[in-house]
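Features as listed in TrEMBL:
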DOMAIN    6-120  domain 'Tetrahydrofolate dehydrogenase/cyclohydrolase catalytic'
DOMAIN    139-280  domain 'Tetrahydrofolate dehydrogenase/cyclohydrolase NAD(P)-binding'
BINDING   Gly165, Arg166, Ser167  NADP(+) binding site
Amino acid sequence: MSSILISGKEIGQAIRSELSIRIDRLKNRGITPGLAVILVGENSASKTYVANKQKTCEALGMHSRLLSFESELTERELIQAIHSLNNDPEIHGILVQLPLPNHITETEVLAAISPAKDVDGFHPINIGKMMLGQDTFLPCTPFGVMKLLEHSHIEISGKHAVVIGRSHIVGKPMGQLLLQKDATVTYAHSKTANLKEITLQADILVVAVGRTKMITSDYVKTGAVVIDVGMNRDENNRLCGDVDFDSVKEKAAYLTPVPGGVGPMTITMLMVNTVKSAENELLQDI
Ligand code: NDP
């Protein structure tokens with residue numbers, strides 16, 4: 001048996017093609033969706049992520065603005081920059097690239113972003129709305145995973161979904177979104193006892209840990225759907241996931257590759273959220 005590969009590259013492309021129609025419609029009404037990305041410091045991985053986000057914006061004909069600051073920037077200065085973007089009519093989405101330098105409190109900064117422009121979906125108000133199942137900006141990575149499942153026609157209702165990882169940006173919202181689609185959800189994390197016993201029960205296994213090839217085939221039930229969120233570097237500095245692709249592909253029914261799985265979906269859903277924000281502005285004008 002060899003898994004069906006779920007291609008985030010292809011599904012992301014299909015979603016972006018549909019999105020360009022919505023962008024054209026907005027432009028015809030005089031609105032160009034605009035995304036501002038804030039980068040603080042010299043983290044090279046962050047720089048790559050930011051460059052990819054800008055490239056995708058530009059390819060879609062969206063407006064993108066980069067605010068790049070030295071790592072010495074104070075929290076107050078950063079919050080002031082966010083406030084001015086909150087009031088800038090050209091900007092519909094604001095994203096602060098994480099991680100921030102240690103002297104800056106992440107929660108304070110994320111809370112300073114207007115919930116109406118919080119296209120990462122990290123503001124406490126938007127997280128609350130997500131928990132309540134209300135319309136809001138969903139965090140891009142779990143939102144992208146849901147789209148991968150939907151486009152691959154994978155049944156979620158009644159399935160046992162196991163999410164390994166409980167970060168605010170991936171694991172926790174991931175479990176919530178699966179729950180809203182009527183999965184029975186189990187969270188696992190670094191203190192979980194007998195991880196393998198739990199993952200072997202998973203019909204859908206989402207792995208968001210950040211440990212190279214941690215999930216080998218002996219953690220996977222035959223016929224499971226395995227979504228690998230991990231983005232790590234292996235011993236040869238090649239991009240790889242949290243799942244041991246070569247062994248798991250012999251057991252899982254569906255599997256996402258790394259690269260080309262969840263990664264392209266995260267950026268795509270950021271664009272979707274930014275366009276949604278611009279459309280919301282149009283609705284307010286009516
Ligand atoms: P965090 O480091 O914030 O969270 C990791 C989670 O894994 C924590 O909840 C931690 O548990 C848990 N964990 C750590 N070790 C183990 C273990 N041995 N067994 C079980 N659980 C464990 O990472 P993120 O959620 O931000 O990211 C996870 C991965 O996803 C990373 O590789 C990251 O690069 C990638 N990523 C990929 C994205 C994409 O677009 N493809 C986007 C965002 C992230 P505890 O809470 O107890 O510490």
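Even glycines carry a Cβ here, placed using N, Cα and C.
All features noted in TrEMBL, drawn onto the structure.
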residue: Gly165; record: NADP(+) binding site; Cβ contacts under 8 Å, 6 or more apart: Gly171, Met174, Ala188, His189, Val206, Val207, Ala208, Val209, Gly210, Val229
residue: Arg166; record: NADP(+) binding site; Cβ contacts under 8 Å, 6 or more apart: Lys172, Gly175, Tyr187, His189
residue: Ser167; record: NADP(+) binding site; Cβ contacts under 8 Å, 6 or more apart: Ala208
The domain 'Tetrahydrofolate dehydrogenase/cyclohydrolase catalytic' (6-120) - residue tally per DSSP class, helix then strand then coil: 59 helix, 18 strand, 38 coil
Near-site residues: NADP(+), ref Gly165, Arg166, Ser167, CB cutoff 8 A to centroid: Val163, Ile164, His168, Val170, Gly171, Lys172, Tyr187, His189, Ala208, Val209
Whole-number mean of pLDDT values that fall within the domain 'Tetrahydrofolate dehydrogenase/cyclohydrolase catalytic' (6-120): 97
